[in-house]
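I have placed the structure first, in the form of structure tokens, so that the comments after it can refer back to it.
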Amino acid sequence: KMAAYLKKNVFLVLTIVVLPFVLSSSYGNFSMMVTKNEINNICTKKYVNSSLCYELLKSTPKIATLDFSGLVKYLIKYQSHNVSDAMNQIKLSAGNATDLQTIDLCVRLYENVLYDTDHHILTALAAKKYFNVHVYISGSNANIGTCRDELVEMKPRLEVLITRSNVISNIYSIIVMMVTKNEINNICTKKYVNSSLCYELLKSTPKIATLDFSGLVKYLIKYQSHNVSDAMNQIKQHNGFDLQTIDLCVRLYENVLYDTDHHILTALSAKKYFNVHVYISGSNANIGTCRDELVEMKPRLEVLITRSNVISNIYSIIVCILNCYLQDEKTQ
């Protein structure tokens, strides 16, 4: 059991969403100074510990001189000192603890976290390898959580260490929520993306704040599957119109639904992102063919034309995430 926890860079839980740190000014607010309103926006997010957030961001004068990219770097370095102090605190507890196996496990997990923070995370951040930053932070948070779970079970419980680990996890959440807004902006302001639909879809769904990029694409593909299925049933209900067009659209949507539920999700699981892109392009072409036929049909079924536009726009959002964040990830 213990050995499984110690395998370096084996990440038990991915709790952090949309985390590549986009640092150039063309990607939004990262070149802007951190204002009081921005701090309020960060600290009132659902997944952030508000009291800790305000204490951390308002009580440090240096933060008022930083832009967002500088604040991310500052928080990562702050987290490094926090992890180091906690690790030393764990080591000092060995003399009073009865479960030395748990103490030893936590020390080694924290050593991994500290190494990843001081080397991999800061290096990836400097190189703008944002997917790597995301993976290492997710893994670090998982390792902290593993130690915390063991400490909770230990007798007697070392409450001070449990509390310290919660603080570290909460700081990771602050970093995540600080950049989430900017990442959604980066996706939704792309030229080929319908911004209003994108913001409505990505900001109104709380679950999205618990996903990484691969999880977000999977969520959107499954969402799209339900959307396509509902649209297909809606088309079938209009069988009193041009039956040739209706029949064509039903068959096209059946193909799209099959590809979505089978080929696309299978390729995504295998990290074959080029294949995902190819199948999405084919599905979008089928939706476009149906839409073109519906536009020519008399009378025009505007509700179905609008529905097909929404489906195509969601495909554009998925393609944007693939192109921006996942296409460079290698199959393990």
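Glycine is no exception: its Cβ is also placed from the backbone N, Cα and C atoms.
Residues or ranges marked as domain 'Pectinesterase inhibitor' by TrEMBL: 34-178, 179-321.
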Number of helical, extended and coil residues in the domain 'Pectinesterase inhibitor' (179-321), per DSSP:
119 helix, 0 strand, 24 coil
Take the domain 'Pectinesterase inhibitor' (34-178) and count its residues per DSSP category (helix H/G/I, strand E/B, coil), listing them in that order.
121 helix, 1 strand, 23 coil
Give the mean pLDDT for the domain 'Pectinesterase inhibitor' (34-178) on the 0 to 100 scale.
85
